[in-house]
Amino acid sequence: MDKVLNREESMELMDLLGLERAAWGNLPLMRKAYLKKCKEFHPDKGGDEDKMKRMNTLYKKMEQDVKVAHQPDFGTWNSSEVPTYGTEEWESWWSSFNEKWDEDLFCHEDMFASDEEATADSQHSTPPKKKRKVEDPKDFPSDLHQFLSQAVFSNRTLACFAVYTTKEKAQILYKKLMEKYSVTFISRHMCAGHNIIFFLTPHRHRVSAINNFCQKLCTFSFLICKGVNKEYLLYSALTRDPYHIIEESIQGGLKEHDFNPEEPEETKQVSWKLITEYAVETKCEDVFLLLGMYLEFQYNVEECKKCQKKDQPYHFKYHEKHFANAIIFAESKNQKSICQQAVDTVLAKKRVDTLHMTREEMLTERFNHILDKMDLIFGAHGNAVLEQYMAGVAWLHCLLPKMDSVIFDFLHCVVFNVPKRRYWLFKGPIDSGKTTLAAGLLDLCGGKALNVNLPMERLTFELGVAIDQYMVVFEDVKGTGAESKDLPSGHGINNLDSLRDYLDGSVKVNLEKKHLNKRTQIFPPGLVTMNEYPVPKTLQARFVRQIDFRPKIYLRKSLQNSEFLLEKRILQSGMTLLLLLIWFRPVADFSKDIQSRIVEWKERLDSEISMYTFSRMKYNICMGKCILDITREEDSETEDSGHGSSTESQSQCSSQVSDTSAPDSENPHSQELHLCKGFQCFKRPKTPPPK
């Protein structure tokens, strides 16, 4: 390069290129600077034209001289100019052709004498072995495999890598990786004549990205790049024999606690089990109902209005227990999934009970559930009035003769579930009380009401509601050919006639719900309510008993004057029917498992509701008055009447009836104080004299 340009020209060119003098001879760098200065000095770009011309002149001269200097000068000759071999002209041409060759190419071919002497001995000696070429490693040392990722084709991103290469390339890669990825930590370790680079990056990368970057710098040298699964364990192994540290970016290296972050405060998780227990205890089968009820528990117990009123036992009884869990539940993102699992648990438990428990045990469990509810709402923390429910008992007792026997017989029917003797029919005109009694029986036993008036193609999923139910009610079944033209026609009776296998209960039938598999089971027993439609004989044979209802004006008037019965749905409540059974039936009629609780409730009714009070309730019903419009007057003869047991109460009722059976001259039916409205007549109690 010193012969290309003289010193002044070379210095001038480097100044024009804007490079340091030490860069003279770095042709790629000079070429890059030349192109850059061309844009700067070009006249069209607003540059200096003189500098542009001078720089072009010097740079072109340098390029030309460098090209000539690198070409070997062998002389130029043409084959036609070579004279004939052997002539004097050829000898002179050959001499002139060889003048330019370097004399160093001359070789002395004389042999040393010592070589000749040693020839004989050397012929019988073994020639020296050639050095074997050392093969490059194919993988990391085997003792490090447990710390490395062995994935070959993976898009997984990591933040720790290990590179295995030659010692020379490792020195270059150590700096290049540090600059390229701004590594958090990097170290170089000796390994059997080669190097291993261990480094941590602040961001996650694919192994292929690290490998591609390193391959650009390792054209001939071997390179193995892998991700690290156990960072500190690998680093610790590289610091012990047979490895040792050459250099690292942090003095002292890494410590174990660098990879063990401080444990954050343990985040509280929602207790799915606690929510499931609440759903099972309350027998909640509605996902959204359970979701709404549980979200109400997140508010402070002391400020909760429902807990202060104590009118909802499923709330105030569980609020304090579930308060802490409800706060976490309110912030959860999978509330519906939690509630769905809880509801599924309730349905699963019901199915197990249906399979393993007898129907009598299931009814006893249902009675226990109702008694628990009665203990709550009629207890110290409840706000229900026992007299109002006993008013409902009196009203229902006036609905049918011997109502307690009717209910008892129906329970006997659904408990034993005898094939072809499982269904009752409630038939009567509008507002005769059949639906009221059916709703109460449904709530007493537990079950579902079904609409059988749908078209046959839609009836499949309606019947699927009866899966795992104790009983069903086919409500307000419509038919054709009614005597009254006011009654609408429908497909209900025809559909029921097509469901004889369902009503008989002799064989199992397939029931299905949407999004659920078919369930094969005996269809549950129950009852049917309808208006005065004609019933085919084939369907009539499926009913073990038919009760004809008739509307009673005094019941309607009494109900209108006692609005609390409708507002609180007392007449449709299973608690009312259970109180009716407790009031009229003997303890022996109940299951032995609940007889002790029945005795407690009989004693409570004796202490709070006297026979006089109950008789006044029935009298007000017959008069069409408000049932609780009772004048409280104390009299030893009437107030002492109480009924310590059901047998006693029955004897008192019979004595009361015997009073009414006196001759007509004493108590004629035409008198104002005597009532006979389609049930057992009784005499109005005499008004006791004042104290």
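Backbone N, Cα and C atoms are what each Cβ position is placed from, and that goes for glycine too.
Listed in Swiss-Prot for this protein:
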MOD_RES   M1  N-acetylmethionine
DOMAIN    12-75  domain 'J'
MOD_RES   T126  phosphothreonine
ZN_FING   267-359  zinc finger
BINDING   G428, P429, I430, D431, S432, G433, K434, T435  ATP binding site
MOD_RES   T687  phosphothreonine
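The sparsest Cβ neighbourhood within 10 Å, among the listed binding-site residues (S432, T435), is found at T435. Within 10 Å of the Cβ of I430 (ATP binding site) there are 12 other Cβ atoms, across all protein chains. Comparing local CB density within 10 A for the binding-site residues G428, P429, G433, the maximum falls on G433.
Of all Cβ atoms in the shown protein chains, 25 besides its own fall within 10 Å of the Cβ of K434 (ATP binding site). For D431 (ATP binding site), other Cβ atoms within 10 Å of its Cβ number 14.
Under DSSP, P429 (ATP binding site) is assigned to coil, being neither helix nor strand in the three-state scheme.
Excluding G428, P429, I430, D431, S432, G433, K434, T435 themselves, the residues of that chain whose CB lies within 8 A of the CB mean position for the ATP site are, in sequence, N531, F549, P551.
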